[in-house]
Structures are given as C-alpha cells and as structure tokens.
Amino acid sequence: MSDIKLNYHKTHFLTSAPDIRALPEDSGIEIAFAGRSNAGKSTALNALTNQKSLARTSKTPGRTQLINLFEVEPQCRLVDLPGYGYAAVPEQMKIQWQKALGEYLQKRQCLAGVVILMDIRHPLKDLDQQMIEWAVASELPVLLLLTKADKLSQSARSKQVKMVREAILPFQGDVQVEAFSALNKTGIDRLAAKLDSWFAPVLSE
C-alpha cells in the first residue's frame, strides 16, 4: 500500500472519446467508473473531486454516451464510462455501448481498477452483474459503491451492504463493497483511499 494521497480536487477534464479506438495512448493508470444510467456516477465523481460540474449530471439518464477522461495528475486518469441499461435508449445503441464497455475492460492495458456504482435500493441488476463478471474475468479489482445511501436508515443501509457482500461471493474476484452518499459525504474517504492504492504503482516510479 502506498502512503501517497492524491488531491482529487485538482482533477480536470481531459478529453471525450466515442469509443476505445479514440482514447489517448494506453499508458499510465486509468480507473474506470461504470454504472447504470441513474446510479449517480457523475454525482459521485463531482463529490470525490469537490467540483459541482466536473462530470455533467443530467436529469435525463443515459446522457453520458461518450467515454469521458479526467486527469488527477499526469499519468493518473479517471474514466467516466457511458451509463448502461436505460430503457429510453434505442436497442441498437445499447448493444453498441455494451460492446464498447466490454472492449474497454478487456483490452485497455492501463486500466487498473473499476468502480461500479449501484443505487443502494436496487443493487445487482443483470447489467451490474455482467460488469462485475467482465471486470473479474479481466483480473481487475472492483469497488462496488452503493450510492444514494442517505435514502436509507442506518440499519437498512447496513443490511443492504451485508446482502450485497454475500451476493458477490460467487464472483470470487477482488471485489469490495461500500455504502456511498454524495449528499452527506459517506464513503468518499474510502473511495479516495481505494483510488490511491490503485494509482500507487505509477506514483512510486
């Protein structure tokens, strides 16, 4: 484990890409953020970086259709992947997204970890499980963030976290589960600590 702590508040937008072929060179370390279209992915990125509009939050889920890259430090990037599984998106587009997501997880050499965000009230939908499977198959560590934790009481929250921790045991990969709330800042420290540990190899060079 590294003791180097990155300052995520310095994160800035780098570039957008329609697919993996248009991404910048495959070097340094990238950490991907993935989740259903309404899981609160952009909100979590904004909370982590303490910037209100770093990642555009949208009232229309499924808005983030590009792969958006943000730079924390040189060689350290956060990648906001297109939200998946929104009903109002045409089937053809859904298939394209899923193909792009799968391709990115399997082929991107600099990808060091995946943060998968799920609404704590509706975790582990089919596509969430697919993402965990892909990540584990690609030997990538996963942090599952159960978002919108402020919507539940403390006891209901603990119960959901425990349930998800038990449900993911069959995946057998390096998967950690944490409750998260952008509203009352729950889980932000744990998210930052996990990212620090994933970025550590490039920082200690």
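Glycine is no exception: its Cβ is also placed from the backbone N, Cα and C atoms.
Taken from Swiss-Prot as is:
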| type | residues | note |
| --- | --- | --- |
| DOMAIN | 27-201 | domain 'EngB-type G' |
| BINDING | 35-42, 62-66, 80-83, 147-150, 180-182 | GTP binding site |
| BINDING | SER42, THR64 | Mg(2+) binding site |
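Here the features listed in Swiss-Prot are painted onto the structure.
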{"residue": "GLY35", "record": "GTP binding site", "Cβ contacts under 8 Å, 6 or more apart": "LYS41, GLY83, TYR84, ILE116, LEU117, MET118, ASP128, THR147"}
{"residue": "LEU66", "record": "GTP binding site", "Cβ contacts under 8 Å, 6 or more apart": "SER16, ALA17, PRO18, PRO82"}
{"residue": "LYS148", "record": "GTP binding site", "Cβ contacts under 8 Å, 6 or more apart": "GLY40, ASP119, ILE120, ARG121, SER181"}
{"residue": "PHE180", "record": "GTP binding site", "Cβ contacts under 8 Å, 6 or more apart": "ALA44, LEU117, ILE120, LEU145, LEU146, THR147, ALA149, THR186, GLY187, ILE188, LEU191"}
Counting every protein chain shown, other Cβ atoms within 10 Å of the Cβ of PRO82 (GTP binding site) number 26
Neighbour count check, CB within 10 A, over binding-site residues ASN38, LYS41, SER42; minimum at ASN38
Secondary structure at LYS41 (GTP binding site) (DSSP, helix/strand/coil)? helix
